[in-house]
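**Q** The structure is given below, and queries will be raised subsequently.
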Amino acid sequence: MSDSIISFAAFILADAGLEITSDNLLTITKAAGANVDNVWADVYAKALEGKDLKEILSGFHNAGPVAGAGAASGAAAAGGDAAAEEEKEEEAAEESDDDMGFGLFD
């Protein structure tokens, strides 16, 4: 549970535009009445050192829908031939999985 509390503290610091340091993380957790080991604060501070937490989170939000929408619009623009080629590629990929011998229920 300590890691969750430290994560939320890091989000609070990032939102406030403050530097994510071990001391700042511990200050927020103590103000919230949570007892957190110093180790967790040190680990998170070192992991997030020099990184923009807001940029990391916005990158996850933007990456998913853009990739899916681009592939869907490309297939629609190319017409039925692209869809048929995609199906052939998927079938080939499924067949190659069978050849590996890793089937659990074969």
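Glycine is no exception: its Cβ is also placed from the backbone N, Cα and C atoms.
Feature list, courtesy of Swiss-Prot:
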MOD_RES   Ser2  N-acetylserine
COMPBIAS  69-82  compositional bias 'Low complexity'
REGION    69-106  region 'Disordered'
COMPBIAS  83-100  compositional bias 'Acidic residues'
MOD_RES   Ser96  phosphoserine
**Q** I want to verify one value. Collapsing DSSP to three states, which class is Ser2 (N-acetylserine)?
**A** helix
**Q** If you count Cβ atoms within 10 Å of the Cβ of the residue listed as 'N-acetylserine', leaving out that atom itself, what do you get?
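**A** Other Cβ atoms within 10 Å of the residue listed as 'N-acetylserine': 15.
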